[in-house]
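To start, the structure under review is shown below, and the notes come after it.
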Amino acid sequence: MLPVSPEVKTNPLQKANFCSRLFVWWLNPLFKIGHKRKLEANDMYSVLPEDRSQHLGEELQGYWDQEVLRAQKDAQEPSLMRAIIKCYWKSYFIWGLFTFLEEGTRVVQPIFVGKMISYVENYDPDDSAALHEAYGYAAALSACVLMWAVLHHLYFYHVQRVGMRLRVAVCHMIYHKSLRLSSSAMGKTTTGQIVNLLSNDVSRFDQVMMFLHYLWVGPLQCIAVTALLWMEIGISCLAGMAVLIILLLLQSCFRKLFSSLRSKTTAFTDDRIRTMSEVITGIRAIKMNAWEKSFIDLITRLRRKEISKIMRSSYLRGMNLASFFTVSKIMIFVTFITNDLLDNLITASQVFVVVTLFEALRFSSTLYFPLAIEKMSEAVVSIQRIKNFLLLDVITQCYPLLPSDGKIIVDVQAFTASWEKASETPTLQELSFTVRPGELLAVVGHVGAGKSSLLSALLGELPPSQGKVSVHGRIAYVSQQPWVFPGTVKSNILFGKKYEKGRYEEVIKACALEEDLQLLKKGDLTEIGERGTPLSEGQKARVSLARAVYQNADIYLLDDPLSAVDAGVSRHLFEQCIHQALKEKITILVTHQLQYLKDASQILILKDGKTVERGTYSEFLKSGVDIFSLFEKGNKQPESSPVLGTPTLTSESLVRSLQSPRPSLKDAAPEDQDTENIHITLPLEDYLEGKVGFKTYKNYFTASVHWSVITFLILVNIAAQVAYVLQDWWLALWANVQCDLYSGVSVKEDIDVMLILNWCLRVYSGLTVSTILFGITRSLLIFYILVNSSQTLHNKILESILRAPVLFFNSNPIGRILNRFSKDIGHMDDLLPLIFQDFIQAFLLVIGVVGVMVAVIPWIAIPVIPLGIAFFFLQRYFSETSRDVKRLECATRSPVFSHLASSLRGLWSIRAYKAEQSFQELFDAHQDLHSEAWFLLLTTSRWLAVYLDVICAIFVTVVAFVSLILADALTPGQVGLVLSLAITLRGMFQWCVRQRTEVENLMISVERVMGYLDLEKEAPWEYKDGPPPSWSNEGRIFFHTVNFRHTLDGPLVLKNLTAVIESRKKVGIVGRTGAGKSSVFSAVFRLSEPEGLVYVDRCLVGEAGLHNLRKKMSIILQEPVLFTGTMRKNLDPFNEHTDKELWNALEEVQLKETIEGLPGKMDTDLAETGSNLSVGQRQLVCLARVILKKNQILIIDKATSNVDPRTDELIKKTIHKKFAQCTVVIITHRLSTVIDSDKIMVLDSGTVKEYSPPHDLLQNSNGLFYKMVQQLGKPEVTALTERAKQAHTKKK
């Protein structure tokens, strides 16, 4: 595979020596760069060969395939868990031994501490042998600390890397699977769900791998510690261990709760992300229908349900963390109280051996063990969800590319198939035909007749239930809704084929793209955005067609490409491209352009999936079949959508802003010799630099609560810490009293001694209870505040995004926006509160511990100050690089989601061109780019950890030796306290700094989310001052010198437009593609602010609230927008109509029979974007939705471009009847649709050239409209002229 970019540096880790690997010196050059300037994507090192996405994915896929075969053999369900274990157990097990050794060194340390304290207890200044022995113990303690540090960071680095490799491998498998999903499986999943699997579910692997080994190391360590405690203090140690066992049993109960909460949460998250994905995709329709508030309410409701579950699991996490904070103190307390009740005497050395042994259990048993249980239960849920996805049906590609005898043919015999297995009537029934090279088969029929399904069957997307299909030859496919991917126009056309200048120019010419490419600023090197901006629909259709023609395939399946262009271009495409360029190929053309049928070799007429007629045009004429009568005569004109477009002229020409020149990802396709790389450009988003500001923290904390609550939280934190530290202090005093009793200095029967002991125990009990109460209060309060902040910020960015103008959505890929709503919000829900709470606890603990140590032995301040300064500068130096790496990691994640969304949209095209391998490699390249950033994130945090551990080891050494040197001035209790705190500090200090870094890294997610709070807003939705004035509801629209551009610095798309659309008139708007037809109503709906005056019903639109304005008009757009849910919900999203009204509306758009034939009728669930309906049917559903709205003004923007002429005629009659008293504006390329209008506006290059009744326009032989009609051929010209005349006479 080619490297992701030419500038990628080889990874220095490959050549690093042992010391460099151990102390992470190989990263020093990167830190130097990060210190000097902001890190760029090009500064990252290339991913290690063993961590490449392709290698990892194929390895795990192999184990999964074996597991599926084994399960089939044994008639069981396959287990993804088993496949993962088989793949990774060896390397993971080896690192498990490291953690065993690491925790072993931790258990040995208290023994050395005990020996050092007993030296102080039996201090004899003349005994040099005892002193040397004590120094030996101090040296052994220092060595243990250093060894622990090395083992600890090695273990964590390697298991995190195993987690990364597993995550990358599973992502590869998910994408690999999504490229092969069958159509029925696509109905069971959604883009939102797959994005959630790729963002939140797989991230569980990173977390679970860190702690999993503690499930066995934790209990083993408990047994070892219990044995040592028994040797020190006998039976009373069991009381302390009983506390731990009770806690661990509670943790196991929590596990079941975590699992069920996780399952419920992910279901709600899937719903929310899916809905969000649909909102972003259909934003234009949502804005023009003023549905923003309703969708905000819908998503907020879903979010509320999701948060209620998250809050419960957060409280469980809070209890876990509180137990980590307090459990060692409870164990120590219970042990000593039991010891006291049993009247056992104890020395200071025994007291502090007990304390340090319990502290040794602190991390492994009370933090890592519960975390392992929690993460394990969450990972099991995620593995189950991923397994369910991986077990969805795949497409069985049953057609060979070429038969052995080299014959190219398409042969269909008695073919019957159905999309829905439950459906009684098959989609296609008993179809038979044969097409050979050089033949053109035209497929025609009404909306929903099964034309596109026929092409799906030939592609292998629709499996046969009876009959057979033989497709011999390489296929090129053009979908009905054109698919383009992010990249240049040129790379979209080449699609992995080598560039041949002559051939390329021929294709451009045949597909009528010459003029368009001249109008685009950079010609064919113009970057296309995710939604195809700045191309219009017609240009996208022709780029899609050019891609197919350039492939030089044997069989061409063209799904209605002519509907997207105007009459002249349509004729050019048919004659130059389909008839000329593809004359030697097998071509199957689905079309509604009946005037071209006479040039077809065969014609197939479908109705309800059955063949009505099949034969040639001349056979039909001989046998007396009038094709046109099947679709009603007089509707033979081409239809279209905006085509020729330029950034200057198209309606959808919102110029895409591309940032950050991250190079395109290039990979080799596996096909013929003439293939090269598919170039897909997914630019990295801009990211901030410098540290996360105080303002971000302030806004985050105060998003959901008042400052008074924050103040209370700070006080609770301080109180908890004071109680915690005083408890240690008090224990030292008590130990000194116990020491005196043990040595016989004082006697227990003495009343003063008893009073002191009782008082000591009462205060100790009070402090322990305070520590527990404050610890739990603080944990729950932090989770409550932060999870609520996450909810508040989610709702704020949701509103902010839906208030942003359409331009924002054109310049930001869907993956980038979804990344905020999936991954970043996911971090804020789950990880950030947990890590924040952990950091606060650890930070206060470190401050408290250092404070107590300095108070006990003031000399300790001497090493504390330089070490503190060293730590401060080290942390600052580290953060400069770490923040940039984290921001790069966030930015490199978005292209992974964008590539997935783009691939799912063009799935049929990718499969038809056999480009799955190329797209898989591109996905792997995006993953590798993300892995580069992720790997640096792991290694940079290890770099810091190593140096911190070294600082801590030095500190422990200094403290150990200082306490021995000052032995004569210190009590055993003080030495014990200082040494036990130093050892606690060693683990805590490293953990505190690590969590602080993690907090700052995770706050980048908050920063990214908050970046969407200040987006540029549209005008207000409602009137600014008081209630809106009463609308006159006349339906009159008045334009006066209107200039309009889509972007502030973009070219004018409407120039000096002055016209009046009178009340209750039917007006058609026509013109060459790219003339600015759709832009007229983009200006009225204020998708961008127009210059000049536009009045609707005497109200100046510039002063109206956007919703007040948009709700007064109904518009149907060319691209139908449907949402996941029932048919009823799509027709009536907000339950405003009765069933009867809904059925009437369906009847008026000719859909009643179709919907009644569905299994659930009106309650049938539609797939994502309504993909289980044909494109024409989706347009009709949108039309029915508008009929229900009953507004005075109706705009139809090429909304019947994908329906057959007969249905178009019926709809036109319905509109004339239903909207007789309304103003109707029809934007179209199908001249027959508007020939009987009251007036026709002819636009050219954004100016009004003609605006008169059609009959008058046809009298002017120099006029534009006259010339457009003349392009259609004689029979059509005669028919149109006659109809215009009849309409004119009638109106007189």
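Even glycines carry a Cβ here, placed using N, Cα and C.
Keep in mind that this is a model prediction, so the values were computed, not measured.
According to TrEMBL, the domain 'ABC transmembrane type-1' annotation covers 93-358 (among others).
Residues or ranges marked as domain 'ABC transporter' in TrEMBL: 410-633 (among others). Mean pLDDT of the predicted structure over the domain 'ABC transporter' (410-633): 84.
The feature domain 'ABC transmembrane type-1' is assigned by TrEMBL to 712-1001 (among others).
Taken from TrEMBL, the feature domain 'ABC transporter' applies to 1039-1270 (among others).
Nonlocal intrachain contacts for the transmembrane segment (134-157), taken as residues 6+ away from its ends with a CB within less than 8 angstroms of a stretch CB, comprise 22, 95, 98-99, 101-102, 105-106, 108-109, 112-113, 115-116, 119, 210, 938-939, 942, 945-946, 949-950, 952-953, 956-957, 960-961, 964, 983, 986, 990. Positions annotated as transmembrane segment by TrEMBL: 134-157 (among others).
Annotation source TrEMBL lists transmembrane segment at 208-227 (among others).
Counting residues 6+ beyond its ends, the transmembrane segment (233-254) has Cβ neighbours under 8 Å at 222, 225-226, 316, 319-320, 323, 327, 330-332, 334-339, 342, 344, 346, 350, 354, 358, 361, 365-366, 369-370, 373-374 in the same chain. Annotated transmembrane segment per TrEMBL: 233-254 (among others), in sequence order.
As annotated by TrEMBL, transmembrane segment applies to 314-337 (among others). Here the transmembrane segment (314-337) has long-range neighbours at 229, 233, 236-237, 239-244, 247, 251, 254, 257-258, 261, 346, 351, 354-355, 358-359, 361-362, 366-367, 370-371, 374, 720, 724, 727, 731, 734, 761, 764-765, 768, 771-772, 775-776, 778-780, 782-784, 787, 833-834, 837-838, 841, meaning same-chain residues at least 6 beyond its ends whose C-beta is under 8 angstroms from one of its own.
Among residues of the same chain six or more beyond the transmembrane segment (349-369), those with a C-beta under 8 A of the stretch's C-beta atoms are 103, 106-107, 109-111, 113-115, 117-118, 121, 211, 214-215, 217-218, 221-222, 225, 228-229, 232-233, 237, 240, 244, 247-248, 251, 323-324, 327-328, 331-332, 335-336, 731, 734-735, 738, 972-973, 976-977, 979-980, 983-984, 987, 991. Among the features that TrEMBL reports, transmembrane segment is placed at 349-369 (among others).
If you look up TrEMBL, you'll see 705-726 (among others) marked as transmembrane segment. Residues 325, 329, 767, 770-771, 774-775, 777-778, 781-782, 785, 788-789, 840, 844-845, 847-849, 851-852 of the same chain sit 6 or more residues outside the transmembrane segment (705-726) yet have a Cβ under 8 Å from a Cβ within it.
According to TrEMBL, the feature transmembrane segment maps to 763-787 (among others). Sequence-distant contacts of the transmembrane segment (763-787) (same chain, at least 6 residues past either end, Cβ-Cβ under 8 Å): 307, 310-311, 314-315, 317-319, 321-322, 325-326, 329-330, 333, 336-337, 700-701, 704-705, 709-710, 712-713, 716-717, 719-720, 723-724, 726-727, 730-731, 734, 828-829, 832-833, 836-837, 840-841.
Marked as transmembrane segment by TrEMBL: 856-878 (among others).
The transmembrane segment annotation in TrEMBL covers 944-967 (among others).
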Tertiary contacts of the transmembrane segment (944-967) (same chain, 6+ residues out, Cβ under 8 Å): 22-24, 116, 119-120, 123, 131, 134-135, 138, 141-142, 145-146, 149-150, 152-153, 156, 853, 857, 859-860, 863-864, 867, 870-871, 874-875, 878, 882, 975, 978-979, 982-983, 985-986, 989-990, 993-994, 997
